[in-house]
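Here is the structure we will look at.
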């Protein structure tokens, strides 16, 4: 079984589409990697795989090796810098053309999810993050069933549930929380994404999609609340164009100065394609600070649940 | 209220176990004969079931014969505003008191329409004529799985086959009456719900699909897949709408591109794919608020830029449907 040497499995779920499951998965992976852990990402959104695009590795293809598929590497480990290896697997890597539609009914999706869980050669990794499509249907049932059958006790740390603050989104995400309850998936906590947007011109914060809905939902369902993530167009540009985030002078987030450090710095980092790895560029992004905290909480829960299972 | 537990299938086979891997599909010509069928408990049922087009299609065609225009709202990507746009289109069409509008919410695992239309707590009733939809306005009715749930936050944990059964019932059994427009809101992706609705409505005729996207490439990528799906299945694309394009700060009126269109956005995609571009709708926090409170954004903020952009979209759509603009949105300045 390809998951044998995976220490912790974390699912990223949401009942609602477009709330940022893939971008939360991406940032969790980058943060875990920057914290020195080796990470794999499995994208089981079969009809809308976004992970290859977010990591800028759309043209990569999966290699077939004896015993299974080799996931696509994003960057290798560099122990001296304290960075862990990162690799991904997605249906996007198996398509002939990047815009190819996958028009599959349930049974075929189920077969693919099972194959993804059994045939990918992850090797020894600390964290496997599983990015999912919206909803509570074939992919989710197959995922829950397979993990229930094959994962060893304590291996599945649980689910990070992503929502946006508005009531229309939390209404769907509440259904996902009930799905977790019914299938026995532990909820690590809720991330409230797109919570507020700071105008880059006047630094006034507008709650485009309202505010606080995720936290209220976490309280109502008695699950953890991992944090609130604002909208940062610099992060979108980092993923879309590979541009290192540059903030206007005087940008202070959580007491840390994010403005350009020195006069020469801004001009070099403003070039659209620099050779720096995505992980290093992400350090410059304001959101990395928010995710640093979230990542610590996820690590805490994952390790606690794994030791607890070993004791039992 | 109709039951969710046992969607009764008339005319087709009732499977006794979930479909196995590599199932050729219970309705396909190879049903019961494929390699995967040999060990499947459903083998006998599938093999003996009548083959060919679904037997309920004539009933569906009959039921929807009084519906003038059937429009799908699609997007490969989630959270781009399919339901919001469906709701806005419905209210826009229903603004004309002479038009009757129906909305069918096909997103079974994440139904949003009832909340957006402020009728979340309603239930549906069955009469001899069929399932009666919930009336939001005198000339605007809605059907959604949300009305059938015992409690508001219940999850629908269904595999494809069960979802297809309910979609068929929605199309066959809902008593819409005469409708000028039937808008079908769909879940993201290109899977069971989409295939089913397209196959079941083939005979009755779908006018076409409105495809929704947001400007950034990550969304366009999935929307490209949906457009391909439409082309493969022969659904006419009435147009592409770009939602969430640009946000104007209410404090300083500076416009930010939150979801940057690094590859040209919806307009470029429409051009690339050779489909009409219906317009861009800016981000406006009040649209989200109106949705949360189940109000019609159209009525509450008629003068906002987003509303003007939406009217433009409705007019573009009307001309694609070869309708008289005056009848769709009366008394409008150009």
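Yeah, the Cβs are placed from backbone N, Cα and C, and that goes for glycine too.
As stated in TrEMBL, the feature region 'Disordered' covers range B:1-37 out of the listed B:1-37, B:38-74. You'll find the Cα of residue B:23 ([4Fe-4S] cluster 1 binding site) roughly 32 Å from the Cα of residue B:83 (ATP binding site). With the fewest other Cβ atoms inside 10 Å of its Cβ, the least crowded of the binding-site residues B:23, B:37, B:46, B:80 in this structure is B:37. Each of the binding-site residues B:40, B:249, B:252 was scored by the number of other CB atoms within 10 A of its CB, and the lowest score belongs to B:252. Under 8 Å, Cβ to Cβ, and six or more positions away along its own chain, residue B:76 (ATP binding site) finds B:188, B:189, B:190, B:221, B:222, B:223, B:224, B:225, B:226, B:229. Comparing residue B:37 ([4Fe-4S] cluster 1 binding site) with residue B:252 ([4Fe-4S] cluster 2 binding site), their Cα atoms are 65 Å apart once rounded. DSSP gives residue B:82 (ATP binding site) a helix state. Between the CA atoms of residue B:77 (ATP binding site) and residue B:249 ([4Fe-4S] cluster 2 binding site) there is a gap of 26 Å, rounded to the nearest whole number.
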